[in-house]
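What follows is a single structure, written as C-alpha coordinates, with notes after it.
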(Lines of atoms letter the chains of each structure in order from A and count residues from 1; the text may use other names and numbers.)
(Lines give C-alpha, C1' and ligand atoms only; values in the text may rest on other atoms or scores of the structure.)
Protein backbone atom coordinates (compact mmCIF):
# COMPACT_ATOMS: atom_id res chain seq x y z
CA UNK A 1 0.00 0.00 0.00
CA UNK A 2 2.83 2.37 0.89
CA UNK A 3 4.58 1.38 -2.35
CA UNK A 4 1.51 2.23 -4.40
CA UNK A 5 1.16 5.54 -2.60
CA UNK A 6 4.81 6.37 -3.21
CA UNK A 7 4.47 5.47 -6.88
CA UNK A 8 1.34 7.61 -7.18
CA UNK A 9 3.07 10.51 -5.47
CA UNK A 10 5.99 10.15 -7.86
CA UNK A 11 3.68 10.24 -10.88
CA UNK A 12 1.78 13.24 -9.57
CA UNK A 13 5.01 15.02 -8.74
CA UNK A 14 5.86 15.24 -12.42
CA UNK A 15 3.29 18.03 -12.74
CA UNK A 16 4.21 21.08 -10.62
CA UNK A 17 1.68 21.75 -7.89
CA UNK A 18 -0.45 18.68 -8.61
CA UNK A 19 0.50 16.89 -5.37
CA UNK A 20 -0.50 19.90 -3.28
CA UNK A 21 -3.76 20.24 -5.20
CA UNK A 22 -4.64 16.58 -4.63
CA UNK A 23 -3.83 16.91 -0.93
CA UNK A 24 -6.04 20.00 -0.77
CA UNK A 25 -8.97 18.24 -2.44
CA UNK A 26 -8.63 15.14 -0.27
CA UNK A 27 -8.34 17.28 2.85
CA UNK A 28 -11.50 19.19 1.92
CA UNK A 29 -13.42 15.96 1.33
CA UNK A 30 -12.13 14.50 4.59
CA UNK A 31 -13.27 17.55 6.58
CA UNK A 32 -16.68 17.51 4.90
CA UNK A 33 -17.16 13.86 5.76
CA UNK A 34 -15.92 14.24 9.32
CA UNK A 35 -18.24 17.11 10.23
CA UNK A 36 -21.30 15.95 8.20
CA UNK A 37 -21.51 18.84 5.77
CA UNK A 38 -24.93 17.74 4.50
CA UNK A 39 -26.45 17.70 7.98
CA UNK A 40 -25.01 21.09 8.89
CA UNK A 41 -26.20 22.54 5.57
CA UNK A 42 -29.71 21.21 6.22
CA UNK A 43 -29.70 22.86 9.65
CA UNK A 44 -28.52 26.18 8.23
CA UNK A 45 -31.03 26.03 5.35
CA UNK A 46 -33.93 25.30 7.69
CA UNK A 47 -33.25 28.27 9.96
CA UNK A 48 -32.57 30.47 6.93
CA UNK A 49 -36.00 29.55 5.57
CA UNK A 50 -37.62 30.44 8.90
CA UNK A 51 -35.91 33.84 8.93
CA UNK A 52 -36.56 34.58 5.26
CA UNK A 53 -40.11 36.09 5.51
CA UNK A 54 -39.38 38.62 8.30
CA UNK A 55 -36.07 39.46 6.66
CA UNK A 56 -37.78 40.14 3.35
CA UNK A 57 -40.52 42.16 5.01
CA UNK A 58 -38.13 44.43 6.90
CA UNK A 59 -35.79 44.66 3.91
CA UNK A 60 -38.56 45.84 1.62
CA UNK A 61 -39.54 48.53 4.12
CA UNK A 62 -35.99 49.89 4.04
CA UNK A 63 -35.82 49.60 0.25
CA UNK A 64 -38.77 52.00 0.07
CA UNK A 65 -36.67 54.74 1.64
CA UNK A 66 -33.74 54.01 -0.66
CA UNK A 67 -36.12 54.05 -3.64
CA UNK A 68 -37.20 57.60 -2.80
CA UNK A 69 -33.58 58.66 -2.83
CA UNK A 70 -32.69 56.92 -6.11
CA UNK A 71 -35.82 57.91 -8.01
CA UNK A 72 -39.51 57.22 -8.45
CA UNK A 73 -39.00 54.40 -10.95
CA UNK A 74 -36.74 52.37 -8.68
CA UNK A 75 -39.57 50.98 -6.56
CA UNK A 76 -41.42 49.80 -9.66
CA UNK A 77 -38.27 48.22 -11.07
CA UNK A 78 -37.64 46.38 -7.81
CA UNK A 79 -41.25 45.17 -7.73
CA UNK A 80 -41.12 43.95 -11.34
CA UNK A 81 -37.82 42.14 -10.77
CA UNK A 82 -39.07 40.35 -7.65
CA UNK A 83 -42.32 39.35 -9.36
CA UNK A 84 -40.43 38.12 -12.42
CA UNK A 85 -38.17 35.88 -10.34
CA UNK A 86 -41.00 34.70 -8.08
CA UNK A 87 -43.11 33.72 -11.10
CA UNK A 88 -40.77 30.77 -11.64
CA UNK A 89 -41.88 29.25 -8.33
CA UNK A 90 -45.34 30.63 -7.48
CA UNK A 91 -48.66 30.41 -9.27
CA UNK A 92 -50.36 33.40 -10.91
CA UNK A 93 -53.03 33.60 -8.19
CA UNK A 94 -50.41 33.69 -5.45
CA UNK A 95 -48.55 36.45 -7.25
CA UNK A 96 -51.52 38.73 -7.88
CA UNK A 97 -53.37 38.17 -4.62
CA UNK A 98 -50.55 37.93 -2.08
CA UNK A 99 -47.11 38.95 -3.32
CA UNK A 100 -47.83 41.98 -5.50
CA UNK A 101 -50.07 43.83 -2.95
CA UNK A 102 -47.53 43.15 -0.20
CA UNK A 103 -44.69 44.51 -2.33
CA UNK A 104 -46.61 47.64 -3.24
CA UNK A 105 -47.50 48.36 0.37
CA UNK A 106 -43.99 47.74 1.65
CA UNK A 107 -42.26 49.70 -1.14
CA UNK A 108 -44.64 52.65 -1.15
CA UNK A 109 -42.21 55.35 -0.10
CA UNK A 110 -40.85 53.59 2.96
CA UNK A 111 -43.03 52.23 5.71
CA UNK A 112 -41.91 52.94 9.29
CA UNK A 113 -44.43 50.43 10.64
CA UNK A 114 -43.15 47.79 8.23
CA UNK A 115 -39.56 48.54 9.14
CA UNK A 116 -40.24 48.46 12.88
CA UNK A 117 -42.43 45.35 12.87
CA UNK A 118 -40.28 43.52 10.34
CA UNK A 119 -37.10 44.50 12.13
CA UNK A 120 -38.34 43.34 15.53
CA UNK A 121 -39.67 40.08 14.10
CA UNK A 122 -36.56 39.39 12.08
CA UNK A 123 -34.09 40.17 14.85
CA UNK A 124 -34.56 36.90 16.69
CA UNK A 125 -35.23 34.58 13.76
CA UNK A 126 -32.66 36.17 11.49
CA UNK A 127 -29.99 36.27 14.15
CA UNK A 128 -30.82 32.65 14.93
CA UNK A 129 -30.09 31.73 11.32
CA UNK A 130 -26.80 33.62 11.38
CA UNK A 131 -26.02 32.08 14.74
CA UNK A 132 -26.36 28.62 13.23
CA UNK A 133 -24.33 29.67 10.19
CA UNK A 134 -21.49 31.02 12.33
CA UNK A 135 -21.55 27.88 14.45
CA UNK A 136 -21.44 25.56 11.44
CA UNK A 137 -18.56 27.49 9.86
CA UNK A 138 -16.63 27.26 13.13
CA UNK A 139 -17.25 23.50 13.19
CA UNK A 140 -15.89 23.13 9.65
CA UNK A 141 -12.75 24.97 10.74
CA UNK A 142 -12.40 22.58 13.68
CA UNK A 143 -13.11 25.34 16.20
CA UNK A 144 -16.60 24.41 17.34
CA UNK A 145 -17.52 25.38 20.89
CA UNK A 146 -14.64 27.80 21.43
CA UNK A 147 -16.89 30.87 21.39
CA UNK A 148 -19.40 31.35 24.18
CA UNK A 149 -23.16 31.46 23.69
CA UNK A 150 -23.47 35.13 24.66
CA UNK A 151 -20.65 36.23 22.36
CA UNK A 152 -22.09 34.23 19.48
CA UNK A 153 -25.53 35.75 19.98
CA UNK A 154 -24.18 39.31 20.15
CA UNK A 155 -22.05 38.71 17.06
CA UNK A 156 -24.98 37.25 15.12
CA UNK A 157 -27.25 40.17 16.08
CA UNK A 158 -24.64 42.72 15.00
CA UNK A 159 -23.90 40.91 11.77
CA UNK A 160 -27.60 40.52 11.01
CA UNK A 161 -28.24 44.24 11.49
CA UNK A 162 -25.36 45.10 9.16
CA UNK A 163 -26.66 42.60 6.59
CA UNK A 164 -30.14 44.13 6.72
CA UNK A 165 -28.89 47.67 6.12
CA UNK A 166 -26.38 46.55 3.48
CA UNK A 167 -29.06 44.55 1.64
CA UNK A 168 -31.40 47.54 1.59
CA UNK A 169 -28.70 49.51 -0.21
CA UNK A 170 -27.49 46.76 -2.52
CA UNK A 171 -30.81 45.32 -3.77
CA UNK A 172 -31.94 48.50 -5.58
CA UNK A 173 -28.46 49.02 -7.03
CA UNK A 174 -28.35 45.47 -8.40
CA UNK A 175 -31.81 45.83 -9.92
CA UNK A 176 -31.47 49.30 -11.44
CA UNK A 177 -27.68 49.44 -11.67
CA UNK A 178 -27.21 48.38 -15.31
CA UNK A 179 -29.99 50.62 -16.62
CA UNK A 180 -28.84 53.55 -14.51
CA UNK A 181 -25.28 53.21 -15.76
CA UNK A 182 -26.41 53.03 -19.39
CA UNK A 183 -28.30 56.29 -18.95
CA UNK A 184 -25.55 58.17 -17.12
CA UNK A 185 -22.40 56.94 -18.86
CA UNK A 186 -21.22 58.62 -22.07
CA UNK A 187 -21.13 56.54 -25.23
CA UNK A 188 -17.36 56.11 -25.13
CA UNK A 189 -17.55 54.61 -21.61
CA UNK A 190 -20.30 52.10 -22.27
CA UNK A 191 -17.71 49.34 -22.46
CA UNK A 192 -17.56 49.55 -18.66
CA UNK A 193 -20.92 47.76 -18.59
CA UNK A 194 -19.04 44.56 -19.34
CA UNK A 195 -17.40 44.81 -15.91
CA UNK A 196 -20.63 45.32 -13.96
CA UNK A 197 -21.37 41.70 -13.07
CA UNK A 198 -17.70 40.79 -12.49
CA UNK A 199 -17.63 43.68 -10.02
CA UNK A 200 -20.74 42.32 -8.30
CA UNK A 201 -19.11 38.88 -8.15
CA UNK A 202 -15.93 40.36 -6.69
CA UNK A 203 -17.88 42.17 -3.98
CA UNK A 204 -19.69 38.91 -3.20
CA UNK A 205 -16.35 37.13 -2.78
CA UNK A 206 -15.17 39.86 -0.44
CA UNK A 207 -18.36 39.46 1.59
CA UNK A 208 -17.88 35.70 1.92
CA UNK A 209 -14.24 36.14 2.90
CA UNK A 210 -15.28 38.60 5.61
CA UNK A 211 -17.89 36.12 6.84
CA UNK A 212 -15.28 33.36 7.13
CA UNK A 213 -12.92 35.72 8.91
CA UNK A 214 -15.54 36.81 11.46
CA UNK A 215 -17.02 33.34 12.03
CA UNK A 216 -13.85 31.68 13.31
CA UNK A 217 -12.92 32.26 16.98
CA UNK A 218 -9.18 31.84 16.30
CA UNK A 219 -8.64 33.86 13.17
CA UNK A 220 -6.11 33.55 10.41
CA UNK A 221 -5.30 36.45 8.05
CA UNK A 222 -8.27 37.66 6.02
CA UNK A 223 -6.52 36.91 2.73
CA UNK A 224 -6.50 33.19 3.56
CA UNK A 225 -10.32 33.17 3.32
CA UNK A 226 -10.43 34.34 -0.32
CA UNK A 227 -9.96 30.87 -1.97
CA UNK A 228 -12.89 29.37 -0.06
CA UNK A 229 -15.02 32.43 -0.81
CA UNK A 230 -14.30 32.08 -4.53
CA UNK A 231 -15.21 28.38 -4.41
CA UNK A 232 -18.45 29.25 -2.58
CA UNK A 233 -19.48 31.73 -5.27
CA UNK A 234 -18.75 29.17 -7.99
CA UNK A 235 -20.88 26.55 -6.21
CA UNK A 236 -23.70 29.07 -5.80
CA UNK A 237 -23.71 29.93 -9.50
CA UNK A 238 -23.58 26.30 -10.64
CA UNK A 239 -26.28 25.09 -8.24
CA UNK A 240 -28.58 28.02 -9.04
CA UNK A 241 -28.27 27.34 -12.77
CA UNK A 242 -28.87 23.62 -12.25
CA UNK A 243 -31.90 24.27 -10.06
CA UNK A 244 -33.30 26.74 -12.57
CA UNK A 245 -32.87 24.22 -15.38
CA UNK A 246 -34.54 21.50 -13.33
CA UNK A 247 -37.48 23.73 -12.46
CA UNK A 248 -37.82 24.87 -16.06
CA UNK A 249 -37.96 21.24 -17.21
CA UNK A 250 -40.53 20.19 -14.61
CA UNK A 251 -42.62 23.34 -14.20
CA UNK A 252 -45.43 22.04 -16.41
CA UNK A 253 -45.76 18.76 -14.55
CA UNK A 254 -47.98 17.95 -11.61
CA UNK A 255 -46.26 18.37 -8.25
CA UNK A 256 -47.02 15.87 -5.51
CA UNK A 257 -46.31 18.56 -2.91
CA UNK A 258 -49.20 20.77 -4.00
CA UNK A 259 -49.16 24.20 -2.29
CA UNK A 260 -45.87 23.39 -0.54
CA UNK A 261 -43.96 23.08 -3.81
CA UNK A 262 -42.71 26.69 -3.76
CA UNK A 263 -41.58 26.43 -0.13
CA UNK A 264 -39.75 23.17 -0.76
CA UNK A 265 -38.01 24.65 -3.80
CA UNK A 266 -36.77 27.59 -1.72
CA UNK A 267 -35.64 25.19 1.02
CA UNK A 268 -33.69 23.10 -1.51
CA UNK A 269 -32.09 26.26 -2.89
CA UNK A 270 -31.06 27.41 0.60
CA UNK A 271 -29.77 23.91 1.32
CA UNK A 272 -27.41 24.02 -1.65
CA UNK A 273 -26.34 27.53 -0.73
CA UNK A 274 -25.48 26.26 2.75
CA UNK A 275 -23.49 23.40 1.27
CA UNK A 276 -21.55 25.90 -0.82
CA UNK A 277 -20.69 28.04 2.21
CA UNK A 278 -19.59 25.04 4.27
CA UNK A 279 -17.53 23.51 1.47
CA UNK A 280 -15.75 26.84 1.11
CA UNK A 281 -15.04 26.82 4.85
CA UNK A 282 -13.71 23.24 4.62
CA UNK A 283 -11.51 24.28 1.71
CA UNK A 284 -9.99 27.11 3.75
CA UNK A 285 -9.52 24.80 6.75
CA UNK A 286 -7.73 22.20 4.62
CA UNK A 287 -5.49 24.89 3.13
CA UNK A 288 -4.62 26.15 6.62
CA UNK A 289 -3.60 22.65 7.69
CA UNK A 290 -1.46 22.04 4.61
CA UNK A 291 0.13 25.51 4.65
CA UNK A 292 -0.10 26.67 8.27
CA UNK A 293 0.39 30.31 9.15
CA UNK A 294 0.63 32.32 12.30
CA UNK A 295 -2.78 32.92 13.80
CA UNK A 296 -3.94 36.48 14.43
CA UNK A 297 -4.50 37.11 18.12
CA UNK A 298 -7.86 38.56 19.02
CA UNK A 299 -8.35 41.34 21.55
CA UNK A 300 -9.46 38.80 24.13
CA UNK A 301 -6.34 36.68 23.60
CA UNK A 302 -4.09 39.73 23.95
CA UNK A 303 -5.90 40.83 27.12
CA UNK A 304 -5.63 37.33 28.58
CA UNK A 305 -1.91 37.20 27.80
CA UNK A 306 -1.40 40.57 29.46
CA UNK A 307 -3.24 39.43 32.60
CA UNK A 308 -1.21 36.21 32.72
CA UNK A 309 2.01 38.20 32.45
CA UNK A 310 0.90 40.48 35.29
CA UNK A 311 0.06 37.52 37.52
CA UNK A 312 3.48 36.00 36.86
CA UNK A 313 5.11 39.32 37.75
CA UNK A 314 3.25 39.41 41.08
CA UNK A 315 4.76 36.05 42.02
CA UNK A 316 8.34 37.23 41.41
CA UNK A 317 10.45 39.11 44.03
CA UNK A 318 10.48 42.88 44.10
CA UNK A 319 13.96 43.16 42.59
CA UNK A 320 12.85 41.19 39.51
CA UNK A 321 9.94 43.56 38.83
CA UNK A 322 12.07 46.72 38.90
CA UNK A 323 13.41 48.26 35.69
CA UNK A 324 16.31 46.47 34.09
CA UNK A 325 19.18 48.64 35.33
CA UNK A 326 17.82 48.96 38.86
CA UNK A 327 17.23 45.20 39.21
CA UNK A 328 20.71 44.43 37.84
CA UNK A 329 22.29 46.89 40.30
CA UNK A 330 20.48 45.30 43.28
CA UNK A 331 21.51 41.79 42.21
CA UNK A 332 25.11 42.93 41.74
CA UNK A 333 25.18 44.47 45.23
CA UNK A 334 23.93 41.24 46.75
CA UNK A 335 26.27 38.95 44.87
CA UNK A 336 29.51 41.02 45.04
CA UNK A 337 31.80 39.89 47.96
CA UNK A 338 33.39 42.38 50.35
CA UNK A 339 36.51 43.83 48.76
CA UNK A 340 39.77 42.94 50.57
CA UNK A 341 42.79 45.30 50.47
CA UNK A 342 45.75 44.17 48.43
CA UNK A 343 48.75 42.67 50.29
CA UNK A 344 51.40 45.08 51.58
CA UNK A 345 49.01 47.84 52.53
CA UNK A 346 48.53 48.22 56.32
CA UNK A 347 45.02 48.14 57.60
CA UNK A 348 43.73 50.44 60.28
CA UNK A 349 41.79 48.65 63.00
CA UNK A 350 39.93 50.22 65.86
CA UNK A 351 41.73 49.88 69.24
CA UNK A 352 40.30 47.40 71.73
CA UNK A 353 38.63 48.94 74.81
CA UNK A 354 40.92 49.08 77.91
CA UNK A 355 39.87 46.99 80.96
CA UNK A 356 38.57 48.95 83.93
CA UNK A 357 40.81 49.15 87.10
CA UNK A 358 40.09 46.65 89.94
CA UNK A 359 39.49 49.42 92.54
CA UNK A 360 36.86 51.00 90.35
CA UNK A 361 35.14 47.64 89.90
CA UNK A 362 35.01 47.05 93.70
CA UNK A 363 33.66 50.56 94.32
CA UNK A 364 30.89 50.02 91.74
CA UNK A 365 29.94 46.70 93.38
CA UNK A 366 29.64 48.34 96.84
CA UNK A 367 27.51 51.13 95.45
CA UNK A 368 25.13 48.66 93.86
CA UNK A 369 24.50 46.80 97.16
CA UNK A 370 21.60 48.12 99.27
CA UNK A 371 22.37 49.65 102.64
CA UNK A 372 21.50 47.61 105.82
CA UNK A 373 20.82 50.50 108.16
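Glycine is no exception: its Cβ is also placed from the backbone N, Cα and C atoms.
No curator has checked TrEMBL annotations; they are predicted automatically.
Nonlocal intrachain contacts for the transmembrane segment (12-32), taken as residues 6+ away from its ends with a CB within less than 8 angstroms of a stretch CB, comprise 140, 142, 278-279, 282-283, 285-287, 289-290. The transmembrane segment annotation in TrEMBL covers 12-32 (among others).
Under the heading transmembrane segment, TrEMBL lists 44-66 (among others).
Residues or ranges marked as transmembrane segment in TrEMBL: 154-175 (among others).
TrEMBL lists 195-214 (among others) with the feature transmembrane segment. Within the same chain, residues 134, 137, 155, 159, 174, 177-178, 181, 222, 225-226, 228-230, 232-233, 277, 280-281, 284 sit at least 6 positions outside the transmembrane segment (195-214) and bring their C-beta atoms closer than 8 Å to a C-beta of that stretch.
Feature annotation from TrEMBL assigns transmembrane segment to 226-247 (among others).
Among the features that TrEMBL reports, transmembrane segment is placed at 259-283 (among others). Same-chain neighbours of the transmembrane segment (259-283): 24, 28, 31-32, 35, 37-38, 40-42, 44-46, 48-49, 52, 89-90, 94, 133, 136-137, 140-141, 208, 211-212, 215, 227-233, 235-236, 239-240, 243, 247, counting only residues six or more beyond its ends whose CB sits under 8 Å from a CB of the stretch.
Look at TrEMBL and you will find 331-373 tagged as region 'Disordered'.
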